[in-house]
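Visitor: One structure, pasted below without further comment.
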Amino acid sequence: MNLLIKGGRVIDPSQGIDEVLDILVENGAIKELGKGLAAPAGAGVVDAAGLIVTPGLIDMHVHLRDPGLEYKEDIVTGTRAAAAGGFTSVACMPNTKPVNDNKAVTSYIVAKAKAEGLVNVFPVGSITQGSKGDALAEMGDLKEAGCVAVSDDGRPVTSSELMRRALEYAKGMGIMVISHAEDLSLVGEGVMNEGFVSTELGLKGIPWAAEDAATARDVYLAEFTNSPLHIAHVSTMGSLRIIRNAKARGVKVTCETAPHYFSLTDDAVRGYNTNAKMNPPLRTADDLAAVKEALKDGTIDAIATDHAPHHLDEKDVEFNVALNGIIGLETSLPLSLKLVEEGVLTLPALVEKMACNPAAILGIDRGTLRQGAVADITVIDPAAVWTVEAGALASKSKNSPFLGWEMKGAAAYTIVGGTVVHSRG
């Protein structure tokens, strides 16, 4: 089907565009951008007056739990949640059951996503076999089967020597390494950020040094091997300082943060709220301010949700034993738009961090509205006001710390390959 998107504020940092334009889509690709374009016979029309039109948003860090953990989420429900949140593409982490450390699992994900998914799914393979940190996975096979990056996300690669070899091998393969930066010996039995709140609640803490030390190690290894490195879910002031300094030295390091790290602090854990339990943990107000500053100055390249669904039975337990992680696909856009309202980011800068930069980091042919590009488009209603309600969420799991929050901003239309896969009705 052909489509004309009329009269929206088109923001495409890849072309330096920020103006009211029409977009004509033909055969799943961008045919033309211009003013006063006419709809061809039989074309659908999207009235985007008063709305913002951007390259399709990309979440480069999600857990779809498929295969093996479909009671939490699966490719169908996960991509439905992505579409509802305005995402046209997601990159799914390998901590499935079995772990995505081989061609067969990757091929399953690619095939199921193509057959049943609403949005593009780009698999991330495991750095090590079984994500056990003992031996490297076959990165060449993973890339050939469709993986766009490798990560042991959920666990760090403990061995520095193995991480060095991973960076060297991945560089040769032309595939990005995504680091889960965490020193487990410093984490110990910690379950939340170490500080005043953990002491008050009587919970064992995770020091900021656990993230900072691991970030420093991986940055130095990237510098030593002259290899690209992406650091996931950055949450501390110290890690951001390390990354900022590394970038200034010319190290090929990029990083992401998640909306919860610029929207919540460890105060959210009060009341032993297991929906505020994730890894890395929510940090202090000083860390939150540092995350916003790093978004503003470009130290942080991308915003990614770390969407981590869990069954109610895995969260409705004592805080110490509750699993880490929260869902985020459907709340990311309004929480991120708040950064624009607060003056932390301009709208074009936000689009860069949610579309253009993730595409560039992962090396995927998305994140642009250039003529001839795949017509992955997000149409945003910045004025939409809505309340986060468990029953209205598309995700199979409901483990969100934002339940009951009033949000401003939503995806009016999510368009994948020229097809409207979500419209806000």
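The backbone N, Cα and C atoms fix where each Cβ goes, glycine too.
Bear in mind that the values here come from a model prediction, so they are computed numbers and not experimental data.
Per Swiss-Prot, the feature active site maps to ASP306; the stated evidence is sequence analysis. Residues or ranges marked as Zn(2+) 1 binding site in Swiss-Prot (evidence: sequence analysis): HIS61, HIS63, ASP153, ASP306. Marked as substrate binding site by Swiss-Prot on the basis of sequence analysis: HIS63, LEU64, ARG65, ASN95, ASN279, HIS310. Here Swiss-Prot flags ASP153, HIS180, HIS233 as Zn(2+) 2 binding site.
Describe the structural context of these features.
Guide: Long-range Cβ proximity for ASP306 (active site), meaning a same-chain Cβ under 8 A and a gap of 6 or more residues, is found for HIS61, VAL62, HIS63, ALA232, HIS233, ALA258, MET278, GLY325, ILE326, GLY328.
Annotation note: ASP153 (Zn(2+) 1 binding site) sits in a coil segment as assigned by DSSP. Cβ neighbour count for ASP153 (Zn(2+) 1 binding site) (all protein chains, 10 Å cutoff from its Cβ): 23.
For HIS63 (Zn(2+) 1 binding site), the Cβ neighbour count at a 10 Å cut-off comes to 25, with all displayed protein chains included.
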Visitor: Counting across all protein chains present, how many other Cβ atoms fall within 10 Å of the Cβ of LEU64 (substrate binding site)?
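Guide: Around LEU64 (substrate binding site), other Cβ atoms within 10 Å: 30.
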Visitor: Would you count the other CB atoms within 10 A of the CB of HIS180 (Zn(2+) 2 binding site), including those on all shown protein chains?
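Guide: Its Cβ shell of radius 10 Å holds 23 other Cβ atoms.
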Visitor: May I ask which residues of the same chain, at least 6 positions away in sequence, place their Cβ under 8 angstroms from the Cβ of HIS310 (substrate binding site)?
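Guide: In sequence order, the residues whose Cβ lies under 8 Å from that of HIS310 (substrate binding site) (at least 6 apart) are LYS72, LEU323, GLY325, SER397, ASN399.
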Visitor: Looking at the binding-site residues LEU64, ARG65, ASN95, which ones sit with their CA no more than 10 Å from the CA of HIS180 (Zn(2+) 2 binding site)?
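Guide: None, since no candidate lies within 10 Å.
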Visitor: Please list, in sequence order, every residue of the chain apart from ASP153, HIS180, HIS233 whose Cβ lies within 8 Å of the Cβ centroid of the Zn(2+) 2 site.
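Guide: Filtered neighbour residues, in order: HIS61, MET93, SER151, GLY154, ILE178, SER179, ALA181, GLU182, ALA232, ASN279, ASP306.
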Visitor: What number of additional C-beta atoms lies within 10 angstroms of the C-beta atom of ASN95 (substrate binding site)?
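Guide: There are 21 such Cβ atoms around ASN95 (substrate binding site).
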